[in-house]
Amino acid sequence: MAFLRQTLWILWTFTMVIGQDNEKCSQKTLIGYRLKMSRDGDIAVGETVELRCRSGYTTYARNITATCLQGGTWSEPTATCNKKSCPNPGEIQNGKVIFHGGQDALKYGANISYVCNEGYFLVGREYVRYCMIGASGQMAWSSSPPFCEKEKCHRPKIENGDFKPDKDYYEYNDAVHFECNEGYTLVGPHSIACAVNNTWTSNMPTCELAGCKFPSVTHGYPIQGFSLTYKHKQSVTFACNDGFVLRGSPTITCNVTEWDPPLPKCVLEDIDDPNNSNPGRLHPTPNEKPNGNVFQRSNYTEPPTKPEDTHTAATCDTNCEQPPKILPTSEGFNETTTSNTITKQLEDEKTTSQPNTHITSALTSMKAKGNFTNKTNNSTDLHIASTPTSQDDATPSIPSVQTPNYNTNAPTRTLTSLHIEEGPSNSTTSEKATASTLSHNSHKNDTGGIYTTLNKTTQLPSTNKPTNSQAKSSTKPRVETHNKTTSNPAISLTDSADVPQRPREPTLPPIFRPPASKNRYLEKQLVIGLLTAVALTCGLITLFHYLFFR
C-alpha cells in the first residue's frame, strides 16, 4: 500500500513540472520585438517584460511592455514596431522594375527585380535587389541597379557569297542582305535581322551551285519555261508527242540542283486505258531499227536467219541401229580427209627434199647434230658428215637464200663447195649431198674485201677482213676434195675469205669523257682552300671588331 502511494506522488509531481514548462512564453514569438533587458530562457506565465523594436523596425513610443498569458502566448504590446523602408530604387532605362510584396514592397526584407525591354539585355552583377540595413545602420538596397544594353549579334558567315552592310557587330533589328558569287544560287532568305541572345531571325542562307541540268523527256517537249539553263526556283512545263500520254506532273521546278517533282514520262497511248483522254487514237508507227528488228508493244519479230546458218540433219523415226551421218555445210571441214592429206604432203616433202646450198644454214643444222670438228687450216675444202640415227634423219630441205650482190662491176669469184656426207656409222654406204658452187660478185678495194669464216670457238660463220696476201691468194679457184678414209666425220676450214659481207660501221667516240682523276683532285683541293680562306677572313674580322669597337 505504501508503494502505491509513493508511485502516485511521483507521477503527480512530474505532471505539474511539465505543465509549468508549457505555460512559459518564448522570446522568439515576439516578432519585431525583443526584450529591453536581455536574458536567457523563456518567460513565466503572468510575468510582464519591457520590449523594444528589433533592427529594421521602428516605433514612436518610448516604452513598450507585454505580459505572458496562459497557454504560452503574449499580450498585445503597448506600442507597434513597424518595418523601416528603403529608398526609392528609381527607374531603369530601356527596362522596368518589378516590385514584390504589395504595400511592403519597399520595406525591410522586401525584394525587387529588373526586366529590360525587347531588344535589350541586362548587364550587372545581380538582377534582384533586397531591402536591408546598411553598414551605417540605415536602410539600403543590397546591390547597385543593373542597366539594359541593346542586343548584339556577331558577323554572319556565308561561303561562296557576301553580305551587306559589313560591321564588326550588329545591334537588335539590324538587317543583313546576302548575295552569292557568280555561278551560285542563294538558298534561303535574302535578308535576316539580329534577334535576342545573339541569334538571327532565321537560319543562315547558303550559296549552292546554280541551276539544274537540262530536263530531257523522251517523246516530250517543253511548252512553257524553255531555257538552256535553269536557275533555282525556275519552272518548266512539258507536253508529249502525238500518240503518247504524260505520266507524272507536267510542271517541275528546279530546287537548288534537283528537279521537284521528278521528271514526267511520256508513254505510248493505250486505247483500252480508261484514263485515256483521246480514245480511239491509233498507235504510232514504230521506227525500224537499222538491223531490221521491229519493236512494238506486245509485238516482237525475230530477225531473219541466214541461209548458211541452216543445217540439215538426218532424222529417224524409231529403232535406229546406227547414228545418222552429219552432212557437211558449204564451209564444213573434213577432219579425216584433211589429216590424211597433210600426212601425205609431209611424206612427199621428206622424200623429195634436197639439201640446200646455203652455207650458213647448213653449218647451223650440222652444229645442232653435234658431228663436226675443226680440221687443219691447210685443207682446201669444207667437209661435213653426220650419222643419222634412223631413216627419218635424212637431210632436210633447207630453203635457199640468195646472197646479196654488193658490186655489180666487180669480178666473179667462186666459193668453196660444201660437201655433206651422211650414213650409218657401221655401214659402208653413205648418201652424199654436194652443195652447188656459189658465185658471188666480190667488191674489191685497196685493203681487200670482207669475208665470212668459221669461228673456232662458236663454230659459226663470222666476218673477217683478210690481209693483202690473203686477198691475192683468194682469187684462185677452189677445188673440192673429199676425205673418204676418215672414220670420224669432221669440218675442214681452208679459206676463211669466201662470203663477202657488208662492212660494219665505225664505232663513234663518246661525246663526254670524264676528266682525269688528277684534275678532279686539284679542283677539290682548290675549293677546300677557298673555304678555309673565307673562314679565316671572317674570324679575323670578328677579332678585329671585338678588340677595337666593343
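We count from 1, first residue shown onward.
Just so you know, glycine gets a Cβ as well, placed from its N, Cα and C.
Values in this document were obtained by computation on a predicted structure and should not be read as measured data.
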C254: disulphide-linked cysteine among C212, C240, C266 [source: Swiss-Prot]: C212
According to Swiss-Prot, C148 takes part in a disulfide bond; indicate which of C116, C131, C153 is its partner. C116
Checking Swiss-Prot: of C25, C53, C131, the cysteine bonded to C81 via disulfide is C53
As recorded in Swiss-Prot, which of C180, C194 forms the disulphide with C207: C180
Can you tell which of C25, C86 is bonded to C68 by a disulfide, based on Swiss-Prot? C25
Per Swiss-Prot, which of C86, C153 is disulfide-bonded to C131? C86
N-linked glycosylation site: annotated position in Swiss-Prot, out of N63, N377: N63
Could you check what DSSP calls N111 (N-linked glycosylation site) once collapsed to helix, strand or coil? strand
Which residue, out of the glycosylation sites N63, N111, N197, shows the minimum number of other Cβ atoms inside 10 Å of its Cβ in this structure? N197
Determine, to the nearest whole angstrom, how far the Cα atom of N197 (N-linked glycosylation site) is from the Cα atom of N111 (N-linked glycosylation site). 26
Rounded Cα-Cα span from N111 (N-linked glycosylation site) to N63 (N-linked glycosylation site), Å: 31
With DSSP, how much of the domain 'Sushi 1' (23-83) is helix, how much strand and how much coil, in residues? 3 helix, 23 strand, 35 coil
